[in-house]
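Take a look at the structure below.
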Amino acid sequence: MDLEFLRSMDVQILVGVGVAVLAILVAAAYLFSSRKPKGCLDPENFREFKLVKRQQLSHNVAKFTFELPTPTSVLGLPIGQHISCRGKDSQGEEVIKPYTPTTLDSDVGHFELVIKMYPQGRMSHHFRELHVGDYLAVKGPKGRFRYQPGQVRAFGMIAGGSGITPMFQVARAILENPKDMTNVHLIYANVTYEDILLKEELDSLVAKYPGRFKVYYVLNQPPEVWNGGVGFVSKEMIQTHCPAPVPDIKILRCGPPPMNKAMAGHLDALGYSPEMQFQF
């Protein structure tokens with residue numbers, strides 16, 4: 001009887017140990033799978049990334065795709081923040097300028113920059129001369145913007161020209177997160193139709209998330225057939241296409257300095273408090 005009792009005890013102990021080991025293995029696997037991969041950026045030192053694809057989008061706009069160290073690597077850039085890129089101007093002088101990738105950390109193994117290259121732009125020269133196989137020196141993350149899903153009910157966005165890139169990044173991150181129900185209303189201003197950056201991607205988001213993402217395009221020199229806004233972004237456009245000034249919304253703006261100044265004036269006049277506004 002005692003022998004049978006000891007045997008049953010041995011079996012119970014073995015089963016208990018097995019269950020405990022299994023529980024530890026399951027917990028370890030969960031922690032490993034849920035742990036965010038370490039980003040490739042260094043806030044203090046420039047790191048170099050290889051250009052693997054260059055796609056010309058218009059006469060002065062190109063999409064640059066840079067390779068990360070491994071196919072599963074992530075850049076590690078928080079939503080709404082940017083990177084500093086280092087290059088040389090036409091005189092061989094060093095120049096550093098901030099840019100916002102259009103990719104997120106869900107886009108593993110690479111990151112993309114959509115760059116508008118201006119004739120006299122110092123960093124524009126560097127990107128014009130950049131070819132597949134060349135390396136770009138990058139440092140980051142940089143920026144004051146901090147975002148947590150659901151921190152506001154809705155975002156209004158006012159962008160001009162290449163100021164669309166941080167807006168696109170934030171909008172994508174919100175809309176592609178199934179737990180984030182924030183609505184996004186974008187006013188995007190340019191000179192001509194050809195100047196509109198990421199139009200195909202923006203229209204795709206509108207189609208994919210109807211009711212949650214709205215875009216109102218404004219052109220200073222519109223084509224003959226045009227159903228968007230005309231001229232400069234006005235107070236009336238903001239009233240119509242952005243959420244009203246209440247505590248649970250925020251208006252983001254990013255564009256050329258004169259536009260940012262004008263938009264700040266419009267927003268102040270319409271009753272948007274400083275806490276409701278953020279400028280990239």
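Cβ coordinates are placed from backbone N, Cα and C, and glycine is handled just like the others.
Residues or ranges marked as FAD binding site in TrEMBL: PRO98, TYR99, VAL114, LYS116, MET123, SER124, THR165. According to TrEMBL, the feature domain 'FAD-binding FR-type' maps to 44-148. What TrEMBL lists as transmembrane segment is 12-32.
Known features from TrEMBL, placed on the structure.
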| residue | record | contacts (Cβ under 8 Å, 6+ apart) |
| --- | --- | --- |
| PRO98 | FAD binding site | HIS82, ILE83, SER84, CYS85, LYS142 |
| TYR99 | FAD binding site | HIS82, ILE83, CYS85, LEU113, ILE115, THR165 |
| VAL114 | FAD binding site | LEU57, VAL61, ALA62, LYS63, PHE64, THR102, SER162, THR165, LEU197, LEU198 |
| LYS116 | FAD binding site | ASN60, VAL61, SER124, GLY161, SER162, LEU197 |
| MET123 | FAD binding site | CYS85, GLY87, ASP89, VAL95, ILE96, LYS97 |
*In the same chain, which residues outside the set PRO98, TYR99, VAL114, LYS116, MET123, SER124, THR165 have their CB within 8 A of the centroid of the CB atoms that define the FAD site?*
CYS85, LYS97, THR100, LEU113, ILE115, PHE127, SER162
_Give me the DSSP three-state residue breakdown of the domain 'FAD-binding FR-type' (44-148), ordered helix, strand, coil._
7 helix, 48 strand, 50 coil
*Within 10 Å of the Cβ of THR165 (FAD binding site), how many other Cβ atoms are there?*
23
*the domain 'FAD-binding FR-type' (44-148): mean pLDDT?*
96
*Report the largest Cα to Cα distance, in Å and rounded to a whole number, among the residues PRO98, TYR99, VAL114, LYS116, MET123, SER124, THR165 that the record lists as binding FAD.*
17
*SER124 (FAD binding site), number of other Cβ atoms within 10 Å*: 20
